[in-house]
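Taken from TrEMBL, the feature domain 'Glutamine amidotransferase' covers 5-191. Taken from TrEMBL, the feature active site, nucleophile covers CYS77. Per TrEMBL, active site is recorded for HIS175, GLU177.
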Amino acid sequence: MKVAIIDYGAGNVQSVLFSLERLGITGIVTNDREVIKHSDKVIFPGVGEAESAMKKLKDSGLDVLIPTLKQPVLGICLGMQLLCLHTEEGNTQGLGIFDVVVKRFSNQVKVPQVGWNTIYNLQSPLFEGINENEYMYLVHSYYASVSNETIARTNYDVEYASALQRENFYGVQFHPEKSGKVGSQILANFLKI
Ligand SMILES: NC(=O)CC[C@H](N)C(=O)O
């Protein structure tokens with residue numbers, strides 16, 4: 001199985017690579033559009049700030065490629081946010097895969113959320129065999145609003161979409177690669193889709 005990890009200079013590709021290796025898969029870290037296009041699965045990681053990350057994506061022409069992909073694609077954290085319509089972070093237009101806007105948590109809570117929180121209302125094959133209210137690791141100041149594409153929810157300041165799916169596109173706000181055994185199970189489920 002060929003799993004491409006999109007390398008656009010704004011992703012935590014190494015921890016994703018290690019988490020795949022623990023599952024017996026050697027990921028291909030690449031920004032080569034042909035390699036990504038012909039892979040069996042695509043992981044779109046991301047850490048950092050949306051505006052500069054989107055610029056890096058555009059500089060490498062990956063903003064045009066990603067929406068055309070037909071194989072399963074998993075956006076992680078900032079990767080998921082960039083697949084949405086828009087994020088308030090830097091007033092950044094997203095790729096518009098998910099019909100969702102990304103907003104900033106209010107100042108009623110400590111921002112960014114850093115640490116473990118539960119995911120619940122689990123749907124989709126991504127969470128097969130995963131119990132409700134499992135703890136996952138999160139680091140973020142912005143969140144995707146709940147919509148009909150929501151396949152998991154988390155509550156911090158507000159109830160928000162901690163996972164999204166539309167057709168072959170999946171997104172998770174949490175870091176499965178940093179969420180222990182349950183995180184590995186979610187990645188294994190993605191690889192089986
Ligand atoms: N860890 C991250 O990359 C966070 C993504 C985004 N900057 C947010 O704060 O929500």
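Note that Cβ sites are derived from N, Cα and C of the backbone, with glycine treated the same way.
Note: the Cα of CYS77 (active site, nucleophile) and the Cα of HIS175 (active site) are spaced 7 Å from each other. Closeness to ligand 1 is met by CYS77, these being the active-site residues among CYS77, HIS175, GLU177 whose Cβ falls under 6 Å from the molecule.
Model confidence over the domain 'Glutamine amidotransferase' (5-191) stands at 97, taken as the mean pLDDT rounded to a whole number. Sequence-distant contacts of GLU177 (active site), defined by Cβ-Cβ distance under 8 angstroms and a gap of at least six in the same chain, are ASN12, SER15, VAL16, PHE18, SER19, ILE76, GLY183, LEU187.
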